[in-house]
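The annotation active site is assigned in TrEMBL to 244. The Zn(2+) binding site feature in TrEMBL is assigned to 60, 62, 87, 225. The domain 'Phosphomannose isomerase type I catalytic' feature in TrEMBL is assigned to 1-104. Sequence annotations record features per position, and here TrEMBL assigns domain 'Phosphomannose isomerase type I helical insertion' to 120-206. What TrEMBL lists as domain 'Phosphomannose isomerase type I C-terminal' is 286-325.
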């Protein structure tokens, strides 16, 4: 949902002459609100998505603006625009992902307990990582060396090691042994989805993050991540630039990824951030980066989505209502999956008809 050239949202109301959201915004740029219009040169600055992940999505990172411009100029077929792409995922169900480098003690632990992983990293890089603990500058360089060594391993070498690891973990599991020291359950699951993929070893470098419904994680530029399982709302800058390195049949750019990443270890808990309740409206919870989440209790029958000074996209996740807006041509019936574009400084009145209330998400750019 948004106005990116590769996926411009279609307007369903056939009384409106413009067919896509991008065309409508181009004709009525004032709908963005003056701050957003001026800051982002008349463009809607975000994309809004719902993801339902059953098979793991690729290990990837998104470039900052400077790198995005360079990649787009050099390889426009792989990097289709020059914008950065920070993004946020908000869990709708229990949601599992990989995000950022683990605390270094955990990585060193896996190097000791998973010999197949150690074989790909090598003795020299592993010893450098061990000896750099306590020195953040040296640690980042040593971590980069370890990750780059693994990612650039010859295919025959890593496939042989992966097959040995999968065989060992499978046999240990069948014998009733605890395989958590090898992250066994996740390893076997990813290998079943992407057999022979180097990305299966990334689980020893990256945090495994489990979000509960309503929890969120933010992924800044150069942060390695992969979504593994579950449903989420995602909001991001308006870009399609993704540098991939594993768990994917798509274009892989290992050298760019290894050069660009933030090699800053941190615990999984540091990647999760909570919503903040709006002091002026008990039905609103704000995720900052700003994606307000509305949860209207069943006792409320009339509710107004308050105007803000920027355009937004409203998505119904649960419940039903009749919506009325000053700029609308008529009342609109809303249900799960309905999507509305709301111009800056425009409110929407909801007459809620579902007994269990409504849950809506609004993406916007609060400057």
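Just so you know, glycine gets a Cβ as well, placed from its N, Cα and C.
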Considering the recorded positions 62, 225, 244, which residue's Cβ sits among the greatest number of other Cβ atoms within 10 Å? 62
Give me the CA-CA distance between residue 60 (Zn(2+) binding site) and residue 244 (active site), in Å, as a whole number. 4
In whole Å, how far does the CA atom of residue 87 (Zn(2+) binding site) lie from that of residue 244 (active site)? 16
Students should find that the Cβ of residue 87 (Zn(2+) binding site) has, within 10 Å, a number of other Cβ atoms equal to 21
Around the recorded Zn(2+) site, report the further residues of that chain (criterion: Cβ within 8 Å of the mean position of the Cβ atoms of 60, 62, 87, 225; site residues excluded), sequence-ordered. 61, 85, 219, 223, 224, 242
